[in-house]
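J.: Annotations for this protein, taken from TrEMBL, read as follows:
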- B:181: active site, nucleophile (ACT_SITE)
- B:148, B:170, B:181, B:261, B:380, B:385: substrate binding site (BINDING)
């Protein structure tokens, strides 16, 4: 059901010829009201794709009627022609739906530099076909149409106190061959003001998608959109709603991590007793982005020296010679020296847990990442494309 | 000749049993005077190995009599015992040479966490054997004894205006399996004050070794040491000397890049027309550290979108939509859109040149890096150790 699980949403996924495989590649998610509240967060990369530049303007007034998404082309660095394509995409959808183009968000994923006339024609045809196929159980089809190298469609639903949140996602960092991007659409029939939608979305993404760092590479096209229509008639308790939205976002982030291209380990790096949350995130991210650490995990090697060498590059508050490092439950380093023998650590399970105790304060954070594998290199080199 | 090319230096390299292969693993470089000027630059990693902590104190007074180096163990995160080992190493060398332990620099490279009693015993025995074998043509033997996964010993010599500089180096970023570190010793018979030696060393390393970023991973043990004895009797023109020291450092950096473990491309990322040098370095480094870009080069794929996605994450001054990207002489992107067809780019040569024109100012910088290959993953996962 995914994005069509809440009341008052329709979706579709169609094959428009953007993918050479002939698989579905254009998706629509439409909010049938009564309210048309929308909020979104975007990549912080200064190199932004055309659909990002378009969509940032659309969400400013807090009103979103529909989301059009395509796989098979990022429409990034395609010049003014590419921006016009994003604009025309919104216009075509708006025209067919009887709404304003200024309330239609556009998302794209695929190879940077792809966005010529052929691309444009197929996207517009896909919008027409998609609108014709909109249905209140189209959530699964939409989730499938946004897949690139994803091996499974990623959807999630949660219901609480009379309201429901649904979601779909694709990608994982930029872990795909020449393709890109995490695209997420979240829908709810809870009754939210635009400012509330924006606030809860920031809160949820900050603790989940923002802490998924599969390969350290930031996409030009990342976008997470929340649509809220109030169809349930219920004004939710905001803390409860934010908690549910965070939970659902966390589940989608975990699905993205689990399906990361080429990965053989899903690594959770938990940093505890940090001075503040920012320090905890910085320390976790430094390990998540260390190629030597990631290659060691691929080889089932509990190489804690690489963990310490990575965190030593941060400016977080801690004493490098008074840090404990645990791997899958075994303390391998304490107080600046080796602790339990490395042989005690079993790194064969896919789920890998690294615990870093900074012994400074009370803050904590977990960063999700993947290992660096032969398959990652293969998928991301031209041999695969 | 390497470090013994200038007058008044002796060196040795001996096998002390630290390497399981039985190859040489302890090196000494001794300054026979008349002057005993020394300067060094160290890793900026907060997680510093014991020999770094020791050597930082040694060089403070600008006097260095000798350098003791070992491969086969990093002596990092080995607790107070490990620090005592560095101290004892300097003491043993000082005693045998008839100098002060406070004037003996120690460098180590190898696995983090390695530095037990067996290690200590072998290093000390190696120092004794090394002192016994010191000779004025021991430079090559010393260069061989500091090798880890290096396939060739890296040495260089330049002579100008009556003075000579010699050098040896090992490593490349942290591109070695479980091993680490760039270690460099530079010697000269030019007559320099300590403050001059420090200044020219900073200047040379800042433009060369600091811009070698093979895999983005900073070692706990990096050290570049310059010894100057004035044996030539010549006070060099400082600008000419700095230029020669930079030239020799650049040559060593290139040798490190060319010998990087597992690499199939030696990539020079040249950033031009930056607002200032710091921007140029930041932009170049962001590309050098982007795994997607590095994997694409491995696959001979001129994926300029990944270059733009990488530089978009920086804070440097430029317009992402008005940047030119050239690969091996072909302009593949201009003004935010594709330019020449990717088929025109030949990425089969090992030497790869990426030119990024920011079109903002007059500053420039080149970062040296390597591609991300199957061999890199293999060498740095446990399968190789």
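One-based numbering along the chain as shown.
Backbone N, Cα and C atoms are what each Cβ position is placed from, and that goes for glycine too.
TrEMBL labels come from automatic prediction, so no person has curated them.
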J.: Counting other CB atoms within 10 A of each CB, which of the binding-site residues B:148, B:380 comes out lowest?
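T.: Relative to the other binding-site residues in B:148, B:380, B:148 has the fewest Cβ atoms within 10 Å.
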J.: For residue B:261 (substrate binding site), what is the secondary structure state per DSSP, taken as helix, strand or coil?
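T.: Coil, per DSSP.
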J.: Can you list which of the binding-site residues B:148, B:170, B:261, B:380 come closer than 8 Å to chain A, going by CB to CB distance?
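T.: Checking chain A against the binding-site residues, the residues within range (Cβ-Cβ under 8 Å) are B:380.
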J.: Work through the binding-site residues one by one (B:170, B:261) and point out the residue whose CB has the fewest other CB atoms within 10 angstroms.
T.: B:261
